[in-house]
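According to TrEMBL:
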BINDING   K104, S208, A209, F210, L211, E282, D297  ATP binding site
DOMAIN    172-388  domain 'FAM20 C-terminal'
ACT_SITE  D277  active site
BINDING   D297  Mn(2+) binding site
Amino acid sequence: SRRHKLYREELNLTSPAAPLPLRPEASWLQFHLGISRDGLYPRSSPAVTRLLRDMRRFPTISADYSQDEKALLGACDCSQIVKPSGVHLKLVLRFQDFGKAMFKPMRQKREEETPEDFFYFVDFQRHNAEIAAFHLDRILDFRRVPPTVGRLINVTKEILEVTKNEVLQSVFFVSPASNVCFFAKCPYMCKTEYAVCGNPHLLEGSLSAFLPSLSLAPRLSIPNPWIRSYSFDGKEEWEVNPLYCNTVREIYPYSNSNRLLNIVDMAIFDFLTGNMDRHHYEMFTKFGDDGFLLHLDNARGFGRHSHDEISILAPLSQCCIIKRTTLLRLQLLAEPEYRLSDVMRESLLQDPLAPVLTEPHLLALDRRLQLILGAVGKCIDTFGEATVVANDTAQPQGPAADRAELGT
């Protein structure tokens with residue numbers, strides 16, 4: 001009852017009707033209650049299946065800026081959760097049963113690659129990358145990306161007409177092509193040139209389920225030891241010192257916990273997606289130093305299928321350590337009958353916006369997987385399997401039946 005009371009206080013919406021009771025069977029609540037030390041949801045979770053369905057179908061009852069934009073406007077202090085940027089646009093949409101999801105609109109067509117001259121920190125965010133990242137994370141059996149689904153949103157009926165935020169209302173306009181558009185409101189880099197537009201009202205986007213509020217499930221935001229330099233010149237120590245991992249290993253909690261192995265998992269995941277923008281990671285405080293890392297904000301992945309950014313694998317290649325369960329899963333996905341591109345293709349067909357990724361992006365996953373296995377092989381040749389492959393027990397290998405349903 002205390003949990004239900006907190007949910008009502010945190011998520012209740014003002015409306016002319018009497019407040020609705022929180023239904024214990026609500027998919028959002030069941031998803032939150034299913035979070036454990038092993039991941040955001042168990043394998044083959046019926047709650048996640050229902051949550052994805054509800055995010056696809058439930059009408060929106062409220063829309064607002066995300067905490068990023070509110071922080072930029074000085075409307076709230078959101079430093080515990082977000083690092084404001086303002087060069088992209090995302091909105092918080094609310095649904096019945098106290099549901100809440102982050103909406104990221106389509107900015108680029110699927111076949112458009114990130115220009116070669118773009119720095120990773122000025123690249124646009126891609127809605128289909130968020131969707132694909134969720135499916136990849138589930139296939140890898142990490143289960144650290146919140147459930148994400150694609151949806152066609154009517155920006156007039158499902159955002160403009162339901163929002164109570166006057167600032168958000170003020171940034172809607174009709175383009176010369178008679179399409180309804182809107183843009184982010186912030187102190188810089190937010191102009192009509194950066195607007196997103198419906199066709200004339202419908203707009204593709206990704207919806208990512210919110211995690212429990214900080215009052216219910218406190219989280220820490222921690223700088224990535226392999227953080228990149230967010231400037232046009234200069235390099236971080238890890239980029240020039242091949243022995244950098246020796247320094248990291250001396251620092252708690254990387255010295256005597258599961259944290260470093262989880263960093264390597266995250267690097268493998270980011271390398272497969274091509275995401276160079278992992279400056280911080282978050283963890284639930286409840287699970288302590290050995291808890292899993294949340295793989296949030298994946299919209300800068302899948303930008304260039306023609307380029308493999310080997311530097312993303314620095315935690316693996318410099319530390320030469322990997323979980324046995326992770327390695328076994330990667331080896332399985334390299335087998336012809338479970339080829340990663342095939343499993344991803346089949347999994348992504350379940351999304352309403354399919355095809356989510358173009359064929360070159362899918363094939364790039366197979367190529368990058370071989371590069372990861374090659375890096376692990378090089379480490380084993382140098383240091384021996386007993387040193388490189390950590391026999392973790394936190395995520396035991398699933399039975400053969402589970403392996404046959406990687407994309408489900």
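Positions of Cβ are set from backbone N, Cα and C atoms, glycine also.
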Around the Cβ of L211 (ATP binding site), the count of other Cβ atoms that are within 10 Å: 20
Within a 10 Å radius around the Cβ, which one of these recorded positions has the most neighbouring Cβ atoms: D277, E282, D297? D297
Extent of the ATP binding site in Å [max Cα distance among K104, S208, A209, F210, L211, E282, D297]: 20
Looking only at C-alpha atoms, tell me how far K104 (ATP binding site) is from the residue listed as 'active site', rounded to the nearest Å. 17
Measure from the Cβ of F210 (ATP binding site) and count the other Cβ atoms within 10 Å, all protein chains considered. 17
Rounded to the nearest Å - Cα separation of D297 (ATP binding site) and D277 (active site): 9
Quick check for the class: what is the C-alpha distance, in angstrom and rounded, between the residue listed as 'active site' and L211 (ATP binding site)? 21
